[in-house]
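A.B. asks: Please find one structure pasted underneath; my questions will follow.
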Amino acid sequence: MARWYTIAQAILLAAAASPAAAAEGSFISSRERLTAPAAEAGKGRYIVELQPSTGNTARQETPVEAVVEQISSLGYDAKLKDDFTTISSRFKGVSVEIANDNSTGALDDIKSIPGVAGAWPVYPIALDTSFEVTTGFQKWNPHVATRVDELHGRNLTGAGQRVCVVDSGVDVAHPALAGRVAGGRNLVDEGSSELTDCAGHGTFVSSVIAASHKDFSGVAPAAEIFMYKVFGCAATTSNDLVLKGILAADSDNCDIISVSIGSNTGYANSVMSRVASQVAQDRLLIIAAGNSGEMGPYFASSPAAGRGVVSVGSVEAAQTLGWPATLVSSSGESLNISYVTSEGSKFNETIDVPIVLDAGDSCNIAGSGDEKTAVLVKRGVCSPVFSYNTLAGAGYGYGILFDSYNQGAYYMADVPDTADSVHLMAVTAASVGDWASKQIGGNSTLRLKIQADAQPAAFAADVPSAGQLSSFSSWGPTYENDFSPVISAPGGVVYGAFPENQYAISSGTSFATPYVAGIAALYYAHVKKDRDEFVRRLTSTAVALPAFDASLGGRVVSEVASLAQQGAGLVDAAKVFAYATVLLSEPTLSLNDTDNRVSTHTIRIQNNGDEAVTYNVSHIAASTVQSRNVLLYPNPYYPPLLASSGSLAAPKTVTVAPGATQDIEITLTAPDVGADSGALWSGKVILAGSNDELISVPYRYDDTNGDLLPLDGRPFRPADGESPETYFAFRYGTYEFSLDLVGVDYTTDQFVYPPKHGSGSKAWLGSVRSEPLKDNGYMDFPMREVVRFSEGRYVTFRSFANGTAIPSGRYRIFTRALRIFGDASNPKDWQLFLTDPFSIQLGDDPIPGQNATATTRAVTSTAAATATETAPAVTTSAIPATTVPVSVPGPTSTLTAAATPTGLSDAFTTLKLQRLREDTPYITDPEAWMELHVQISLPNPVSTGSVLSFGVPAEIVDIAADDQLSAPAGLAGTTSFDPETRLYTIELGDWTTWNKNMAGDFFLMCRFTPEFAATMKQGTYVVQFPTVGKVHEAVVYYTAVDRTAVYERQLTTPYDGTTLFTAEVEIAPALGPWDFVRLQTSHSTDDDGFVCDRSGVLVGHEFDAENRIVKSTDVTASAVEVCNVKNFLAVYNGTMTGGDVLRFTVASIQGDRASWTLNTMYLLDVQLSNGTLVLYDQRNLPFEKNTRLRNFNFNSFTGERA
């Protein structure tokens, strides 16, 4: 499956939010209406499997003809769409199309026909075909990390081996695939041999396998491709066509089949997975694991969930595609550089233009130029779109951005191509800026030279995600607890061929899959065609990758990622070929779940070498994943990790003679976690040989009861509301779920499958159809092969699933869900639930059993309450305000204003100083912004031009002025301040001439002069503001920092040609004792950025008279987990004495320097030692660069018409 990106980049997904906490004992975490299924490309089509013993009828009809006729005899307009029995003997079935299908009852009707083994609806499978293309060639080499390049160096190219690809078609004329496409079959239009690839997906996939070009090589460049086209020119196919493609490839005796298509139905028993399992018994069937990594564990896809299938996860590219250029100085020196474009494509022009070094950054270019001039400028922290628009606005035709703040010389996201004047915007290394600065400092000028025919200059990717597991790659296991994915390969930021002689960059497990198929082609061509041995070699030699959390910019969180995410690890092609040690037993070990655990296994190996080898047997534990949260919903990406891991009991060493085999019995013990915890633990049994060969056998285990696992992890309890609304959730998969309407006297003991329709108060009456859902579709029950949810959903209904109106009466809702591994014919394998009775009335119909007319009312439940899990206590708190002191120590000082006010008398009713946006006179930071609260009363109309004024003490500066005072439908006045006379004046406008009872209410930002602030001591400060007729006194209290509350401080200092905005957040032990304190903050992509070398964490030990830290210990290295331009995360869990104070320092700069504000929004969590997690309210610390006026209400003035 593919994920096309509009640019070439490593996608770093933000962590998926966990469901909001639900009320205790509840499973509904949000009131979210169910979404309708995707538009059904296969609406009215069904896949029907026939019993193996089904033969010709007495009328000599074939079984296929007979089943179509029997469907028609039930009143359906049925015709045969595809007869799979003519394609392959693997699957005895057909695809049937019903023209008059308007009921979900058709599926049950088909299942009831004698000789039918099963039936499934046909559903759509879509491709996202957004991509970035280029006509330039690129020396793309992803083969170093997988060691495929070593095989190419030995001239192993896959010559003579065919790979069958089930996909969207192929551009046979593409130069990168010249001579590599042997043919194919058009399964969409079997009357045509046309393989045209409208989507581009199949061409891209084919090039990953077999591209052969001077600048671009596939994994097996001499192998041949045979295409099975299952897409038309729409980007949607259907599961019956995918099934047809796999069966056709099997029928054609394909050794290797590559399928980069699937759907998020991770059931080994789904029809696609079942057929894949059968084909995989003899063929090497390699299928994409899926691109739903954000959903977390238990989100495998089909047909990748098939048993015996090699399902493939994705790893990000380890290199960046750069292109060469030269900076030439008038001093005679030159510098060869590599630049990276947004989409990785080559700038295919030859240029020699002047280039200037700009003093700003890419978000704030200081100079200007023309289309024939280039600019070299520091990369700013704003979005690439903002940088592009800034470059266009400055007029330059070429922009080279040298890296800054460790952002990395990497592909920029979402760069537009909208300005005709901008020919190139690219990123280069930070060192380029240093070299240019020295040249310019020596009065030299620079030119930029680029050659159109230059060879590419790839280099190691300078981003955290390089070579790591892709965040989009789907996690296993399957719902049946089978191992998935099996292996991982390069799939993130892949370069490949695209139709019409173009090339593209894209990401997805779609492209990791053909990579493994290419390695298989090399093995089959040059070693032997042995499916089982290849798979065992593939998994036993794979390299385990670390657990990488792409959230917050990306970080490694554990040495070994869960095998539910990576499978056996990253493929190592050289070891697949070279190792003399061969695994003969199963390639993976599945320990199943708690109730079905198989702890002891036998590993069999063979030594094909010439000498005896001694193997040391050991164990590497992968990360143990907490697959479920306290509400029992699966945790989304990236799931929490647990400290516990399993242990191994096995012989320490075994010696195997040359050519001999050896059995090794191992026993794996579960980690010490709670029963039914949902912990997914995994790892590898390691066999390290004295011949320097190391093979491993991956295992995985789910510490939960899965055999009869309730869908929601506890007895199924829909909560119901009006209409009636029925709430439900799937915390796990289910083969079938339905909402049925039954008579008021129906009991669960009556349930049989399939349900038998009846009438009366004790009857099963039918499944329901939902009312229009939030996307205007509707849902007909039952639902089959249901994908799990991350939170509850609800539906309302008004008819039966066949569209028939529900008559007036008394009913119950009957919900049923088939457990994984359950037998549908056994009622004990279903979760069954009945609601309390409710009434439905059509028009004025009387309701049976009632004397009075009633309307539809809420459904209530009489289900017995079940025990709920004990979750850690969680408390949400507002950060407490600084405690108001009873008395303020220190002297009282009075600040006077040497000013003579003029104008109206007694107009000011209030002139009061307070903290910025806080109604308190207590300040702890004398350097910080304050506000002067101004209130004015004008009872009668006043002529235009009248003035009000007050004096301002010299210690107060930067008071907001030159503003307009708004009023309803008019202008109340304007403000001004004269720093010489210290007089603040309000000149009234014409609005005051025709209004009365006028009230002004607004705030003026101001602050103390830096010089005065530096001399202030704790005490009381009386600030006098003289007006005409009265002197107003505003009292502020300068107090010591209150260490019983969270303390916040904001600082601004000059930095790197701009302003550094520093937020300090301090926590004292009085808010504990705690196990850890965590602070997390981020800047949006379009806004500002963090400066990591000015951010950190410290523990204060000594304090001044104002309780401010004067001596401290820096703990940044151990506490800061993430710091990049957009994300900061720090966790401190060290020890502190009673008098210590913990300080988080977060420094930022603006993206757009013209902006007036910078916001630092942060989350603070304190894990108390008593087990309570205190989640403080989200805080925002807005930095103000400029003084401004703020109205109390919408307008500065209000009044009445005179």
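Backbone N, Cα and C define each Cβ position, glycine as well.
Any TrEMBL annotation is an automated prediction that lacks curation.
TrEMBL feature annotations, pasted as is:
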- 1-22: signal peptide (SIGNAL)
- 158-543: domain 'Peptidase S8/S53' (DOMAIN)
- D167: active site, charge relay system (ACT_SITE)
- H201: active site, charge relay system (ACT_SITE)
- S510: active site, charge relay system (ACT_SITE)
- 590-699: domain 'C5a peptidase/Subtilisin-like protease SBT2-like Fn3-like' (DOMAIN)
A.B. asks: If you average pLDDT over the domain 'Peptidase S8/S53' (158-543), what do you get?
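C.D. replies: Over the domain 'Peptidase S8/S53' (158-543), the predicted model scores a mean pLDDT of 93.
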A.B. asks: I need the CA-to-CA distance for H201 (active site, charge relay system) versus S510 (active site, charge relay system), whole Å please.
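C.D. replies: Here the two Cα atoms are 9 Å apart.
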A.B. asks: Using DSSP, would you call D167 (active site, charge relay system) helix, strand or coil?
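C.D. replies: Going by the DSSP assignment, D167 (active site, charge relay system) falls within a strand, counted as strand.
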A.B. asks: To see if you understand the setup: which same-chain residues, six or more apart in sequence, place their Cβ under 8 Å from that of D167 (active site, charge relay system)?
C.D. replies: D197, H201, G202, V205, S206, M227, Y228, K229, V230, F231, V259, S260, I261
A.B. asks: How many other Cβ atoms are found within 10 Å of the Cβ atom of H201 (active site, charge relay system), counting all protein chains shown?
C.D. replies: 31
A.B. asks: Mind checking how the domain 'C5a peptidase/Subtilisin-like protease SBT2-like Fn3-like' (590-699) divides into helix, strand and coil residues in DSSP?
C.D. replies: 3 helix, 58 strand, 49 coil
A.B. asks: If you draw a 10 Å sphere around the Cβ of S510 (active site, charge relay system), how many other Cβ atoms fall inside it, taking every protein chain shown into account?
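C.D. replies: S510 (active site, charge relay system): 31 neighbouring Cβ atoms within 10 Å.
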A.B. asks: So, in DSSP terms, is S510 (active site, charge relay system) helix, strand, or coil?
C.D. replies: helix
